[in-house]
Amino acid sequence: MRPLKLILQAFGPFAGREEIDFTKLGDAPLFLINGATGAGKSSILDAICYALYGETTGSERTGDQMRCDYAAPESLTEVIFEFELAGARYQITRQPDQEIPKKRGEGMTKKSHSATLVALKSDGNELIANKPNPVAKAVVELMGLDVKQFRQVMVLPQGKFRELLTANSKEREQIFGQLFQTQLYSQIERALFERAAGIRKEKEEFDQQIKGTLSVVGLESEEQLQTELTELAPVLTHAQSQLKAEQQQWDETKAHYQAALELEQQFIRKQQLVVEIATHQEQATHIEMLRQQRQQAQKAARLTAVHQQWHQAQKNLQQAKLKVEQQQTLLQQAKAQQQQAQQASQQASLACEEVPKLNEQRITWQRAEQKLLAQENVQQAVAKAERELQLATQNALNLQQASEKLEQELQNQRLEWEQQQRQLTRLEVQKARMNQLVQQVQAREREQSLLNELQTAQQALLRFEQQHHHIQTQAEQAKLTADKLEFAWHTQRAAELALALTQNEPCPVCGSLEHPNKAQYSGDVVTKVQVEQARQQQQDWVQRQQEAFHAWQQQGFKTEQIAQNLTTLSSELTLQQVALLNELIEQQQILHSDIAALQQLNPDLLKRQIEEGEQRLAHTKMTLEKQNQNQQQAWQTLAQLQAELASLRQEIPPELSDLDTLRSAIGRVQNQIEILQKAEHTAREQWVQAQKQFASVQAAYQAAIEAHRESQRQQEETTSAWQQGLLHSGFSDESAYLAARLTDEAIVNIERQIAQYEERSAMLSGEQQALSRKLAEKNRPELEPLLVKVTQAEEKMALALQAFTQHQSRMDGLQRVAKQLADLYQKNRALEAEYQVVGTLSDIANGKTGAKVSLHRFVLGVLLDDVLLQASQRLMKMSRGRYLLKRKEERAKGNVGSGLDLMVEDSYSGKWRDVATLSGGESFMAALSLALGLSDVVQAYSGGIRLDTLFIDEGFGSLDPESLDLAIQTLIDLQQGGRTIGIISHVTELKEQIGLRLDVLATRMGSTLRLIT
């Protein structure tokens, strides 16, 4: 990553908009970021880190805490960082959470954190991400480093340079893994571990399956399974033999019972046949009646055709007679219609004799109509010409007025353009005045803020003072209480000793043999614990008193500092004769309105408008001249049309001068002609049609008479045939015939009943004779004893079957379990063999054996050796041959992973020791060497991550002059190799030796930047 441009606005100590163009420093520059303490040198690194990751280099402050207190309310806190990575250019813009003025009304509103990442291309920018989280992920993917790793390898923040040096193996593994892209080895470790864990899990599942399989049959071990299988085999064989014997006995008993049951059913059937035959013979009379009914129906069936013909002939004769009567009526109607149509046709022909006279009148009126139409066209042309003349006159007048108006507008615009030119000379003066007012307002607001802080601090100081006095009183009270308890305890102890004194024996305290005035105690009993608790409470109150006094004292210092700052600022403002805040704001508003009004001025636009107006004026004058010509032409056209109209009016008679009346008369005549002609044509057609209708009806009448004669003849013939049929069939009349006649279905039904009766008679008789012959020499059996034997045999067989089924089911379950166990043991042996290989590889790859070094750390250890080789060369140079960096090879204690920890060799003592034992300056040189070595090796391996840039924040102040020169020379060598190196320091020697410099200048209204090349 190579920085190209950094823009800061209202960020950190920078109140305004500051821009750093790194390209002006040249390719791979070595430059110094210089400035006083607190000016904002580290804020530049914070801005780069915050733009990329949304976090500052030290992580002590969040984005919303980076807003400059001196920034104008409407100025957004924003960082824009443009950088180059792998030949591609990117720009990232980030704005933290912040309060901004409302667009409408007063007050502030919260603006949420926003971020945008764009790829800068020659053919247009490409948006990569436009929200904080997606931007952070995209930056990690592009850089190959997260924020913590970025701070450790590309930025050595102030006070953080030891972290890269003293990081443990786990932290260094994460950094190197990202830099060298060795995730493949971690994936191998994880894959082996997961595969081994999966095999272990499968093996445990198989063990559980074995236990579960045995538990299904209620056993706990395979020995029990084999024992039961051996013991159950003969028992199952005996049960099977017993079942076969009982089943054979049941079959024989059941066969005997079945034969006796069939014989009993035959005897019962013989008795039933006697009853059924008697019942069947009762239907003989009904069957005979059906036979006679069938015979009569068969006779009637032979007369059916003759009877139908006779009835049809009578029906046809009646229809023919009715037809003759209908046709006779129609013939009379047709003759009357023919006569009426003939009279109507003659009358229509007489009326049509008026048509020629009407046609002549119509033609005369149509000629007059043509002249009136011509006159109307000329009148319309005259009206149009008058309108065109009026329009031309009005247009000429409008153009004349527009021309005069344009000339006046142009004159006004020229005057306004000259006035704007004069006013614009005041804009820069007003802007400068506005900047001065903004600074003065900010200063007055700072003064007001300090005044508020002072009031708040004074109130807090009063609270701290009151709190201190209260706690001091409590501490004094606790001391009095503890003193009283301790005195009472000593008095109590003296009284206890006095009780033990004996006359003429020495006192253990004073040695006297006489004890005239023994100590006495009459108060409450006091224990040593109570005294100690009271003293502890006293100490607690004393501690709280000290803390309260310290807080009071600190608040006093803070209040004094605020008062001093307020006094200094107020004095400066008074010295500069700065107006009061409300006056400044009023002036600012007036000036803002004036500047806004001046910024609205646009003399260039007005100049273009003047030029366009001049072009419009010339065009308007040209159009006016053409319009005058059109007006003259319109006068001539109107005069010609008026003369033509007067001539046409003289040719038309007065009585035909109205066009609508004339057209109405023509229409009436034309309509009358059409009505007469149509009436004649219609009457003639109706007469012809009536003649045709009369002839047709007359022919139909003759045909109806002939059909009636034929129907009468057929009726006579069928009547004779019907009378002969009745005579030969034996029926007395038509009623007797109809009574005997049956439908085909009825006859079929009678024949079916007769056939069924005869078939059943034969069947019952045959079955009775067969049973009589079969049972002639047999006795009727007794079924009850046989049924008892069958039931007993069936019960014995069921018991034998139940016993066999139980034994067989148990045997099947045991054999199934035995087979499942065999399959499980075979699979388990395969898993054990696989785990011997995979498990061993997993333990080795994950660092669970030997030196506790995983495969990933082993690979990184080799890479770290290369890094340390490069780093040691620089460290040897900077430490004047004293120190070398080396990887710690001893195994860490316990289960902690190792393999990437660092040690340093001290050539003065000849011993190796931990890098944490280095001094501040030595640690800085070692960390710098390690960072530079890491940069060399990463770029040499070309793993997709390029460490083209290194920022170092402080640390040079801990070096002596000679070490400082060596460190600078090392950085110069690195810079000549194509690296961009930025150093943040206030060390004077660096300022003298490094020509490229970015100065951070601190002012009362915020810091500014100045690039010196």
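Numbers here mean position along the shown chain, with the first residue as 1.
The backbone N, Cα and C atoms fix where each Cβ goes, glycine too.
Per Swiss-Prot, the features are as follows:
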- Gly35, Ala36, Thr37, Gly38, Ala39, Gly40, Lys41, Ser42: ATP binding site (BINDING)
- 242-262: coiled coil (COILED)
- 281-486: coiled coil (COILED)
- 604-717: coiled coil (COILED)
- 739-838: coiled coil (COILED)
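Fewest Cβ neighbours within 10 Å among the binding-site residues Ala36, Ala39: that distinction goes to Ala36. Proximity of distant same-chain residues to the coiled coil (242-262), defined by a Cβ-Cβ separation under 8 Å and at least 6 residues beyond the stretch ends, is recorded for 781-783, 786-787, 789-790, 793-794, 796-797, 799-801, 803-804. For the binding-site residues shown (Gly35, Gly38), fewest C-beta neighbours within 10 angstroms: Gly38.
Each of Pro13, Ser43, His986, Val1000, Ala1002, Ser1007 belongs to the same chain as Gly35, Ala36, Thr37, Gly38, Ala39, Gly40, Lys41, Ser42, is absent from that list, and has a C-beta within 8 angstroms of the C-beta centroid marking the ATP site. Its own atom aside, the Cβ of Lys41 (ATP binding site) has 27 Cβ atoms within 10 angstroms in the protein chains shown. The average pLDDT computed over the coiled coil (739-838) stands at 83.
Thr37 (ATP binding site) counts 7 other C-beta atoms within 10 Å of its own C-beta, drawing on all protein chains shown. Its own atom aside, the Cβ of Ser42 (ATP binding site) has 23 Cβ atoms within 10 angstroms in the protein chains shown. Within 10 Å of the C-beta of Gly40 (ATP binding site) there are 25 other C-beta atoms, taking all protein chains into account.
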